[in-house]
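> Below is the structure I would like to discuss, written out as structure tokens.
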Amino acid sequence: MRGKKRLTDRWAPTPKVMGVPWLVVLLGLHCAGIYLFTRGFLLTRTELSASSLPSDLHLSPCSSSSSDDPDPAPHHLHPSRPGWTRPTVDRILILIVDALRFDFVAPSTFFQEKKPWMDRLSLLQHLASTQPNSSRIFKAIADPPTTSLQRLKALTTGGLPTFIDVGNSFGAPAIKEDNWLHQLVKNGRRVVMMGDDTWTQLFPEHFNESYPYPSFNVKDLDTVDNGVVQHLEPWLHREDWDVLIGHFLGVDHAGHIYGVDSLPMIQKLEQINAIIQNVTDVMKSQKHLENTMLIVMGDHAQTLNGDHGGGTSEEVETCLFAWMPRSLPSSISSIFDQSTCSLDLNGGNICTSTMQQLDFAVSISALLGIPFPFGSIGRVNPELYALSPGSWDPQWHLTAFCEDSRSDLETWKHNYAHVLCINSWQVKRYIDSYSATSVMGFPTDDLRHITDLYNKAQSSWSGSKNSPCMPENGTINGFSNFLLSFAALARSAWTEFDLKLMGVGLGIIIISIICHILVFVRVHSQSNVYGNKTEKSSDHLQISVAFFLVAVRAVSFLSNSYILAEGRVANFLLASTAIASTRSSLVYGKFKKHDLVFLILIIFIRFGIEMGMTKQAVTNPFLKYDSGSDFDSKWLPSLFQGHDFATLFSEVSPMIFLFLLAFVSYKIITCIVDASGIKWIVTIGAMLSYALIVTFWLSERSFAPRMVYGIGFGLLVLNFVIRSTGILERGDALQRLRNLALVMVAAWIPTILILLGKQGPFAVLVCVFAGWSIISSKNKGLLDDCKMDPISVMQWSLLAICLFYQTGHWCTFDGLRYGAAFIGFDEFKIVRQAILLFIDTFGISHILPIFSLPFLVVLPASSSSKKRDKTVIFLNLTQVYLLYGLITAITTTLTILCVAIQRRHLMVWGLFAPKYVFDAIGLLLTDVLICISALFYC
């Protein structure tokens, strides 16, 4: 028996050889699987840097030869300004009402049931009813995601947004892609903007004058709107502008705070109606505005709860209203047959049409006579184009004979066919350029079909040029078919999923799970060999229970409701394990105080999760106060308004929790760390950090957080010096591991604490006491054997999830606490702010739990007098890390499977995709931290 044991010791791999290389392999598999799945799921669109130029037009087949027409595009409105098409209006006034629903504008008679918010924009209905030839209501269909920044980008560039565009949009970086604002500036036009400051972030150098107002305070319904009103009318009386943009935010903010069916929303709509009434009165009275088009539009719509961002009909069906002060010859609605007509409340006939917001950029360009944005793929909307006076004027294409014989409608059709020719040529030029430069271009067969459509339309146009008096219906239909077909192809290419890449990525992740299980089983067997232990049925039962809990939590991700309630689900499972453990203790007469403490802590955690989730509910009374780092100090008065004690407690409690945490930290450090010098260095560093946190809360001076970061970094350096120099190698392996783990945790806690704000002390206290309860709950047999407990590891993982939601985080991009990135710093440095935001987001849910996992091995073992073999200790620690990583990998795999199944779900971009991103990053971070821990502790 002894010989066999010696032989086993000789040939069995050491923990490092057995664990670390495989941990790195698993990390590599996870990286490969997530990368491939992401390539197939989170689609990207290559942005081209090319820009359209006025001189490019001579390359198109739509212009006349120089011999036939020395001035191919005369501009009666702007004769000195070159362009691709003849400008058909002098100016355009664009009033954007953020989150404008279609039923805010269309008469209530269009819908089955009249709602309180309907018919409030009565002026638009009156104009559409009484002036049908010079005004039109459009149902404008937006392409998701329906976030304001992405919609503004799409409206100005004429392209389609993708999810990666959303991920790259934080901070509203300036748009580099060609857009109609850029074309206006390049061609000498004057642009004025007032309202939402997102415009100045996207276009910092495009406005002759701008009056931006901050857009992030959703509780402020009036500042932005009043600012627009203040500057709008004075500019209407001036003539030194070509495009004027006013962006109102009150309707959007009213929806976020109160919902659509609310008195503030009705008041906001009535205010907007009065503003538009005043604008139209001014336009009628000013001679220089006679040839100015008014456009009132939404960038997206909103649900009844005021939400937007997804692709539901409520979110994408916004409105566009266009009006000209002067009357026009006739309507073209009978030609295209796209109208829906009904009587309004006053008995007037109102017709509405449907248009794609994708068409807005190129339509604006055609109206203003500027080059079309290079990346625009929309079609010049015929009904919007027909509302402009210049589109009805005979142009250079017509002979004198045809000018005399053609009706106004035939003249308009010829003008529109010419515009569509240029429109189609530009889109074809973009297709060729995109296919040549993009890594993931368009399918060859689809490109061939699109090219055939273009060639047929171009042949029809060439025939109409040779016979200018021929009807233009065939040419218009040909170019329209080409443009609509390519728009459908683009939506397919940029909104469809690469199922092969997704399948390969998911397959690699599943293979990694199998490898992970095999490695865990191997290490578990080696641990039994080294520890001279035999498998017991209870061991298999505990592992089965642990994986059953993992499976329950993982399968819940198939439901969007359970994803939203993930924190509650984790808390429920954690409570279930605690209740089962307590029942077992009562049955066997071994009830301990830590069982009761754990149950009480879980109740507090549940309450904390509810507090954290209230930050997501905009109509919740918790948000009557500004949410921020001191959220927890303000939620209590909102529940008990008028109670002085509650107000006082909410202000004092963070200090009480911090002092209690400092006392607990002092006791733990002095009891566990045995090296005298290291003990006092860590103690002084921790206590000084807590004092600096109090200083920061009281004074908000930047030096305090910086010193906290510096102390934490210094303790990390000290820990690595201890590890690399082997100062503690002479001591017991258990004590050495305890020292390293404690110094590591002590180095991270103050930084995480100050980033979490005043909710931090309570959260970290819960973390400490809950961790102690989990460690203390390990049964006596496990203490004697220094054996890994699967249930404890599972509880550790569930606790980490609970802490994530308890601290106000959630798995969406608006759940990121951007304010934490600026604690201690006023100026913006992208790397520094990214690190701080990353620590705030994942500190208490990933960094602290993973670096403190050794306590599950060393603290229970320290209660036993049995001498521990170093190899056994590190094998057990490797098991703990492998099991923790396996739990994370399994849940992430189910998340990946879930988003693959639900890829056509209405909430895929608003919920499932962000959940996937957070879980994928969490898995990779877990792998990296486990690799670091395995190298550092073993």
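Glycine is treated like the rest: Cβ placed from N, Cα and C.
Source: prediction; values computed, not measured.
Dumping what TrEMBL says about this protein:
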type	residues	note
COMPBIAS	53-67	compositional bias 'Low complexity'
REGION	53-82	region 'Disordered'
TRANSMEM	20-42	transmembrane segment
TRANSMEM	501-521	transmembrane segment
TRANSMEM	541-563	transmembrane segment
TRANSMEM	569-589	transmembrane segment
TRANSMEM	596-613	transmembrane segment
TRANSMEM	645-666	transmembrane segment
TRANSMEM	678-697	transmembrane segment
TRANSMEM	742-775	transmembrane segment
TRANSMEM	795-813	transmembrane segment
TRANSMEM	834-861	transmembrane segment
TRANSMEM	881-901	transmembrane segment
TRANSMEM	913-937	transmembrane segment
> Between the transmembrane segment (742-775) and the stretches 20-42, 501-521, 541-563, 795-813, work out which stretch tops the count of Cβ pairs under 8 Å.
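Answer is 795-813, with the largest number of Cβ pairs below 8 Å.
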> By Cβ distance under 8 Å, which residues at least 6 away from the ends of the transmembrane segment (913-937) in the same chain are close to it?
16, 19-20, 23-24, 26-27, 30-31, 34, 38, 41-42, 163, 167, 557, 563, 720, 723, 737, 740-741, 744, 811-813, 842, 845-847, 850-851, 853-854, 874, 877-878, 881, 884-885, 888-889, 891-892, 895-896, 899
> May I ask for the residues of the chain that lie six or more residues beyond the transmembrane segment (501-521) and have a Cβ under 8 Å from a Cβ within it?
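For the transmembrane segment (501-521), the list is 18-19, 22, 25-26, 29-30, 32-41, 879, 882-883, 885-886, 889-890, 892-893, 896-897, 900.
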> Any chance you could find the range in 20-42, 541-563, 795-813, 834-861 with the most Cβ pairs under 8 Å to the transmembrane segment (569-589)?
795-813
> Counting only residues 6 or more past its boundaries, what in the same chain has a CB within less than 8 Å of a CB in the transmembrane segment (678-697)?
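Answer is 654-655, 658, 661-662, 665-666, 669-670, 704-705, 707-708, 711-712, 714-715, 718, 722, 727, 739, 742-743, 746-747, 749-750, 753-754, 758, 823.
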> With a Cβ cut-off under 8 Å, give me the same-chain residues at least six positions beyond the ends of the transmembrane segment (20-42) that come close to it.
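Sequence-distant neighbours of the transmembrane segment (20-42): 162-164, 167, 497-509, 511-512, 515-516, 519, 881-882, 885, 889, 896, 899-900, 903, 913, 916-917, 920, 923-924, 927-928, 930-931, 934-935, 938.
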> Quickly jot the same-chain residues contacting the transmembrane segment (541-563) by Cβ under 8 Å, restricted to those at least six beyond its ends, or write none.
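Cβ under 8 Å, 6 or more out: 569-570, 573, 576-577, 789-791, 793-794, 798, 811, 883, 887, 890-891, 893-895, 898, 901-902, 905, 907, 911-912, 915.
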